[in-house]
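Trainee: Below are the structure tokens for one structure; questions will follow.
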Amino acid sequence: MFPSKVKSAQSLSFSFTKFDPNQEDLIFQGHATSTNNVLQVTKLDSAGNPVSSSAGRVLYSAPLRLWEDSAVLTSFDTIINFEISTPYTSRIADGLAFFIAPPDSVISYHGGFLGLFPNANTLNNSSTSENQTTTKAASSNVVAVEFDTYLNPDYGDPNYIHIGIDVNSIRSKVTAKWDWQNGKIATAHISYNSVSKRLSVTSYYAGSKPATLSYDIELHTVLPEWVRVGLSASTGQDKERNTVHSWSFTSSLWTNVAKKENENKYITRGVL
């Protein structure tokens, strides 16, 4: 039997079906821009072609309350329509990610780090590493879902283009094969259930079989109470366009009423 739950007013919801050039409720970091009603998360040259060694991030400006205590937890759903494309016949790199991080999170390295992590093995909460686009220390306090287009064996990547779930490190906890299609719009549906503690990912192209992935994690044990959600992407020596066409997000902060009632009964009996 599931515990009773009450929805809190402390929820976050937004939906972008297009992106204006001066989108005030978004924070742009690194090379990310908004142009022609889409997000270009990594840099393009004057001809609209991707460039090497680029990193960009876009965060929603309003912080999200992820948890209050062990009895007040947030569930969320986000849907991203995005396109990874290249005009070149060479390999592409490096990928795009949805991430959750502290509100003061800043961009990190390009290439295989996807603008998210200061180094491949970081498991602590901070680093003194610096990126070319910032002088502030980048934090590894990040949970991310990556769509990784470049295989980095040194980072523990499988030998195929994949979706991965990352927790405080670019080394994914779990991965699933992802059949990337050049220039086609992919849909990613990412959700977190605060009751089952499961982070789930489904991604698909129109008319194709979806790729699915999940990982059980208690987000309140690895992330602070207040966070921001964002999108991040990078290129290395090889390159790609990382284009976001739309993005929606909704969250619900739930209170575990049954647990609180039991705690109150215990306290009452103690007083008597």
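Each residue, glycine too, has its Cβ placed from N, Cα and C.
From a predicted model like this one, the values you see are computed outputs, not experimental measurements.
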Trainee: Which residue does Swiss-Prot record as N-linked glycosylation site, given the choices Asn124, Asn131?
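Mentor: Swiss-Prot records N-linked glycosylation site at Asn131.
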Trainee: To which of Asn81, Asn141, Asn152 does Swiss-Prot also attribute binding of alpha-D-mannopyranose at the site defined by Asp94, Gly112, Gln237, Asp238?
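Mentor: So, going by the record in Swiss-Prot, that would be Asn152.
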Trainee: For the alpha-D-mannopyranose site as recorded (Asp94, Gly112, Asn152, Gln237, Asp238), determine the largest distance between any two Cα atoms, in Å, rounded to the nearest integer.
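Mentor: The alpha-D-mannopyranose-binding residues span at most 13 Å between Cα atoms.
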Trainee: Other residues with Cβ within 8 Å of the Cβ centroid of Asp94, Gly112, Asn152, Gln237, Asp238 at the alpha-D-mannopyranose site?
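Mentor: Once Asp94, Gly112, Asn152, Gln237, Asp238 are set aside, the remaining close residues are Ala93, Gly111, Tyr150, Ser234, Thr235, Gly236.
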Trainee: Any idea which of the binding-site residues Asn152, Gln237 has the thinnest Cβ neighbourhood at 10 Å?
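Mentor: Each of the binding-site residues Asn152, Gln237 was scored by Cβ atoms within 10 Å; lowest is Gln237.
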